[in-house]
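Taken verbatim from Swiss-Prot:
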BINDING   K55, Y82, Y84, N101  brassinolide binding site
Amino acid sequence: MGVFNYESETTSVIPAARLFKAFILEGDTLIPKVAPQAISSVENIEGNGGPGTIKKITFPEGSPFKYVKERVDEVDHANFKYSYSMIEGGALGDTLEKICNEIKIVATPDGGSILKISNKYHTKGDQEMKAEHMKAIKEKGEALLRAVESYLLAHSDAYN
């Protein structure tokens with residue numbers, strides 16, 4: 001098994017605490033609402049949202065994947081940090097055992113935030129992880145972030 005790391009940062013005009021609440025803590029209900037073309041639904045299969053929780057994310061018809069299962073590894077409210085692992089379905093296919101993800105939202109002096117994202121791709125056997133595949137996953141995540149950000153800008157009273 002190989003492990004391939006991919007790290008990225010993206011900025012947002014939304015304050016860190018509000019973005020953490022909307023994108024991470026309430027994302028299971030907000031993201032299907034603001035980006036139904038990307039995610040149809042999110043349901044907890046096991047657990048209450050904390051570490052160990054298993055979630056099933058269902059994608060809309062016409063998507064390349066039907067669903068993905070994720071396990072919550074850490075929810076750190078004080079430091080706006082969230083870690084989870086994709087453990088079944090989706091982009092894992094025949095080459096990946098799991099993908100471990102960490103999102104840390106850091107406040108910026110101008111009142112916005114920086115999302116620091118770390119992805120660890122655990123491949124099966126001696127499979128290689130292609131850079132364009134990692135980049136495509138990052139772009140999909142960024143599109144979800146922008147959908148949430150647009151919603152929050154249009155609804156200044158939401159998720160405060």
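Glycine is treated like the rest: Cβ placed from N, Cα and C.
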Please give the greatest C-alpha separation between any two of the brassinolide-binding residues K55, Y82, Y84, N101, in angstrom, as a whole number.
14
Quick check: which same-chain residues outside K55, Y82, Y84, N101 lie with their CB within 8 A of the centre of the brassinolide site CB atoms?
E70, R71, V72, D73, S83, S85, I103
Cβ neighbour count within 10 Å of Y84 (brassinolide binding site):
20
Identify, in sequence order, the residues in the chain of Y82 (brassinolide binding site) that are 6 or more apart from it along the sequence and have a CB within less than 8 Å of its CB; answer 'none' if there are none.
F20, I24, V72, E74, V75, D76, E102, I103, K104
Among all the protein chains here, how many other CB atoms are within 10 A of the CB of N101 (brassinolide binding site)?
20
If H, G and I count as helix, E and B as strand, and all else as coil, what does DSSP give for N101 (brassinolide binding site)?
strand
Is it possible to get the count of other C-beta atoms within 10 angstroms of the C-beta of K55 (brassinolide binding site)?
18
